[in-house]
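Here the structure comes first, spelled out in structure tokens, and everything after it is commentary.
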């Protein structure tokens with residue numbers, strides 16, 4: 001099998017480079033994916049190997065009236081809506097791109113609730 005290691009480590013880690021070892025399979029050796037160090041499967045005998053996948057539950061909070069009307073809060077400016085052609089839009093800004101670029105301005109019409117954005 002390859003060279004013998006002079007370092008010790010946990011049974012799930014390569015004693016040469018510290019990478020996580022793959023689970024033993026059909027071949028009679030476990031080969032490290034990082035440094036190709038090889039360990040005979042016989043060295044794993046007597047060890048119980050378990051794995052589990054745990055998914056976090058998706059929690060959906062009920063939408064409150066405040067959250068529904070949050071888009072209608074903010075300063076009103078004299079800007080004509082491109083959808084209903086009426087004057088008056090509420091705006092808010094967010095930093096959507098990298099810090100060295102301008103903010104994105106989101107506009108909401110107070111009449112028809114049409115939303116548009118502008119990169120500044």
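Glycine residues also receive a Cβ, built from the backbone N, Cα and C atoms like all the rest.
TrEMBL: automatically predicted annotations, no manual curation.
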Students should find that the zinc finger stretch in TrEMBL, chosen from 14-35, 36-57, is 14-35
Using an 8 Å cut-off from the Cβ centroid of 14, 17, 32, 35, can you name the remaining same-chain residues around the Zn(2+) 1 site, in sequence order? 15, 16, 18, 19, 21, 33, 34, 36, 37
Around the recorded Zn(2+) 2 site (81, 84, 109, 112), other residues with Cβ within 8 Å of the Cβ centre, ordered by sequence, are 82, 83, 85, 86, 89, 110, 111, 113, 114
Least surrounded, by Cβ count within 10 Å, of the binding-site residues 14, 35 is 35
In sequence order, which same-chain residues at least six apart have a C-beta under 8 angstroms from residue 84 (Zn(2+) 2 binding site)? 109, 111, 112, 114
Suppose we draw a 10 Å sphere around the Cβ of residue 32 (Zn(2+) 1 binding site). How many other Cβ atoms does it contain, all chains included? 20
